[in-house]
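Visitor: Sharing the record's features from TrEMBL:
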COMPBIAS  1-13  compositional bias 'Polar residues'
REGION    1-26  region 'Disordered'
REGION    168-210  region 'Disordered'
COMPBIAS  170-197  compositional bias 'Polar residues'
BINDING   Ser493, Ser660  Mg(2+) binding site
BINDING   Asn767, Lys768, Phe769, Asp770  GTP binding site
Amino acid sequence: MTSLLRSILPNSSPKEEDNYYDDDDDDHSVEYSFAMEYTGPLVSHDIPQVAPVDVRRIPTAAMAVMVSNLSLPVIQPIVKKTDNSPLVYSTKLENFSHIEGVSKSNLENRTLSSSSSDTLGFSDNLNDSNCVSGSSDLDKDCNNHLNPIISDSTKSMSRSQELYSEHSSCESVEASNQGNRTSVVTFRDLPSNNSYSEETDLDEPETVPHRPVVPELKSGLCYRCNKRNRFSEKEFCIVCGAKYCSKCVFRAMGSMPEGRKCIPCIGYRIDESKRGSLGKCSGMLRRLLTNDAIKQIMSSEISCGVNQLPPNLVCVNNKVLSIEELVLLQSCSNPPKKLRPGRYWYDKVSGFWGKEGEKPMQIISADLPVGYQILQDASNGNTNVLINNREITKAEIWMLQAAGIHCEGNPHFWVTADGSYQLEGMNYVMGKLWEKKRVKIVCTALSLPFPSDTSISVGEEVAKETNKVNLKKQEQRMMNKILLVGCDQSGTSTIYKQAKILYDVPFSEDEKQSIKYMIQKNLYSYIAILLEGHEHFEQDYLVEMRRRCADEPSSSGDKIEEKNMYSFNRRLKEFSSWLLQITMSGDLEAIFPAATQVYSPLVEELWKDKAFQATYKRRNELNMLPRVANYFLDRAVEISRMDYEPSEMDMLYAEGVTSSNGVASMEFTFPKSSQDGYMEPLDQNDPSTSYQLIRVHTSSLGEKCKWLEMFEDVDLVVYCVSLTEYDEYHEDINGKQTNKMLASKRLFETIVNHPTLSEKHFLLILNKFDLLEEKIERVPLNQCDWFQDFTPVISHHPHNATSNNNTPLAQRGFHYMAVKFKRLFTTLTGRKLFVSKVTGLEGDSVDLALKYGKEILKWDDERHVVSTNEFSTESIERTTSM
Ligand SMILES: Nc1nc2c(ncn2[C@@H]2O[C@H](COP(=O)(O)OP(=O)(O)OP(=O)(O)O)[C@@H](O)[C@H]2O)c(=O)[nH]1
Ligand SMILES: [Ca+2]
């Protein structure tokens, strides 16, 4: 401690120096002067600095090997002359004797007075494995000398003294022992790994002094050597923000007992804007140190007292927190993640937790006596529906709806921590919110919290959870949200399902079940079309036979009937007419899939029947049969069975996907392919980049897509348009015929103009290209008013060949429509629209489009990195995976 002080003071008076080194000095009043804080003007020149040395942190052999590999200078530990600890010391020496080139005598010669900041910094850096582990002999030894808790006498001291004492280590302890002084200043235990388990960690951190932030240097400069290397990674100090290159980082930061702080910043409060990066060091540091070392440093960084959030910066339900409240909040089994200075609301009954004026962001432990009562407008909801006296947000209404809860009549609900809900004033639990799968889907899609399934117990579990939480944090930071929207029939659900298949995201049991029913129901409708065709074929055949009969008078009419290759037996005849009848009456929906079991044997019989097979062979003549029918009819017998399990392909081809409120959500990552490798160096360090694809039905977005505001945190909007819509019409509510392409254009304008999405990137997917290829040859594009000026040269001047003419018409049609949308987008936003040509039923095509989306997001990231500061906190975080 004192050495640090001395090093800060550029001109320590000789008197002080004398006092310090005079071991036999009993004058305590002089001793205090060392703890005085330097309050003079900021020093502009480099000051030699000494890192405090902690006896407990004296290096072990294992770590020394690492350092010697790096060929760093090594310093020997400080000799502790007290008789109380001979064992400790010899152990240390033994450890040290393993180090190449460091002799015992050499070690013994070094004393505290060696004030080379470099070597001290490095030596301290060796601490790792011993420094924070709370149970080593070294610790016990230290604690024998010291009261681990600040004694009463300490309380009369100035805050800064206290803090200094806290952050000094056994080194200073030793100094006082050597002098046989009565310990007036006593020391607390070093922080443990567990940030939440120890109350003392948070002991009055509001008193931790701020250290002035160093002036920003030109980008790329190392704050120590002043050398510029714009593109090499740097590590920054979480207090002052100074950045250091790999050569200087250890010299500047020493052993990092409180994490990444330059030595003069040790003991100072961290820069709150860097709180998010606590525990996440740069890739550079990870390259320089071993995993264990990094873990130790990062763990101290997260858990040491001075780095804790000051309670007075946190306000819950309009109450500025006391230290006790903050401790309660952070030490509960499920504490708020990423707690930063700010104003929050807390619903003590359910555990919902959010930022003031915003929807809930987390479910934390309930019933904590933290903050005042919640206010009705805490989350700024405008739905007239209350949960535990708080007016909820629209997103939460969707969540309730997904759980099957009706919100008509502005009900007031009472929701408890386990998700049980009841109407206010009624003593009757109506159900549990979290039991429905759909609720989870909606919650993920709308960024609403959902309780984690692991129930957390106390004790060591908390530590595990803290780690998990940190991992989760990491995941959330890396999560890119993609919103997929489009008009009905544009193919959004096909693309959504395709992505599931492409990126190995299994369909849930719920989804499988309802897609299965849908496929089975559709199968009967396809069979009905075949049977209708069959009736015609049978009839035609009869006519034909009769005609032939007329030519050959010898054969009788009865024989003609028998010979009719399209004749069914009685049972099939009955089945056929029954199925046709219910299809005509539109009852198919009501009968299947319930009747599947009963009719499955008939389907089998049908398929074995020659007459039916004859019909089936001619199915191409049946215009009514949708394209996709072939795919399913080939396996009709299998599909009609009760135990049919749809394959992924089946689910893709099935028309539609289940969802609640039109919201479906999935998480995926792009698989690493060897080809990608060379193109994506960034990703190599960054395997955790994951994506969330959210599909939402525009019909559930309300008037003018009002509820898009719920998707404020998406990173990319993918708008889907079917290329075949240009000659299609649908009836609007007033019975007016509207061209579907124009309807798509209008919806596109509404979404692009929506204030929530004003800054978002847009990727336009022009889908169903396979169908366009067929259609455009038959139906000209200018069927749509918007495409009047599409005049492909080829059709008008077939003999005047240009290079253009070799391009297929569909390709040019696509290009033309893409340009139309691009211009529209630029007119609306002044920005660039990205466009992708897709055939939704082809995996590769969807894969390409989504990878394009990924590129857009990556470009955006990189642009930010380059334009702001070359290694901003975020950019460093991005490369971190701790
Ligand atoms: N030929 C072809 N058909 C496609 C393509 N994309 C989608 N389809 C079909 O078009 C129909 C409508 O697609 P959906 O994915 O259901 O479109 P959607 O209306 O956005 O989604 P839902 O609202 O859930 O119905 C389905 O029958 C799909 O199989 C494509 O690229 N080519
Ligand atoms: Ca549809």
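Glycine is treated like the rest: Cβ placed from N, Cα and C.
Curation does not apply to TrEMBL; its annotations are automatic.
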Visitor: List the other residues in this chain whose Cβ sits within 8 Å of the Cβ centroid of the GTP site residues Asn767, Lys768, Phe769, Asp770, in sequence order.
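Guide: Surrounding the site, in chain order, are Gly491, Ser722, Leu723, Thr724, Leu766, Leu771, Leu772, Lys837, Val838, Thr839, Gly840, Leu841.
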Visitor: Around the C-beta of Lys768 (GTP binding site), how many further C-beta atoms are within 10 angstroms, looking at every protein chain?
Guide: 23
Visitor: Suppose we draw a 10 Å sphere around the Cβ of Phe769 (GTP binding site). How many other Cβ atoms does it contain, all chains included?
Guide: 20
Visitor: Reported as an integer number of Å, what is the Cα distance between Asn767 (GTP binding site) and Ser493 (Mg(2+) binding site)?
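Guide: About 12 Å separate the Cα atoms of these two residues.
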Visitor: Please report the three-state DSSP label of Ser493 (Mg(2+) binding site).
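Guide: Where Ser493 (Mg(2+) binding site) sits, the three-state DSSP reduction gives helix.
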Visitor: Which residue among the binding-site residues Asn767, Asp770 has the fewest other Cβ atoms within 10 Å of its Cβ, if you could check?
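Guide: Asp770, out of the binding-site residues Asn767, Asp770, has the fewest neighbouring Cβ atoms within 10 Å.
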Visitor: How big is the Cα-to-Cα gap, in Å, between Phe769 (GTP binding site) and Ser493 (Mg(2+) binding site)?
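Guide: Between the alpha carbons of Phe769 (GTP binding site) and Ser493 (Mg(2+) binding site) there are 16 Å.
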Visitor: Would you identify the secondary structure of Lys768 (GTP binding site) according to DSSP, in three states?
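Guide: In three-state terms, Lys768 (GTP binding site) counts as coil.
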Visitor: List the Cα distance (Å, whole number) between Ser493 (Mg(2+) binding site) and Lys768 (GTP binding site).
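Guide: Cα-Cα distance, Ser493 (Mg(2+) binding site) to Lys768 (GTP binding site): 13 Å.
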Visitor: Suppose we draw a 10 Å sphere around the Cβ of Ser493 (Mg(2+) binding site). How many other Cβ atoms does it contain, all chains included?
Guide: 25
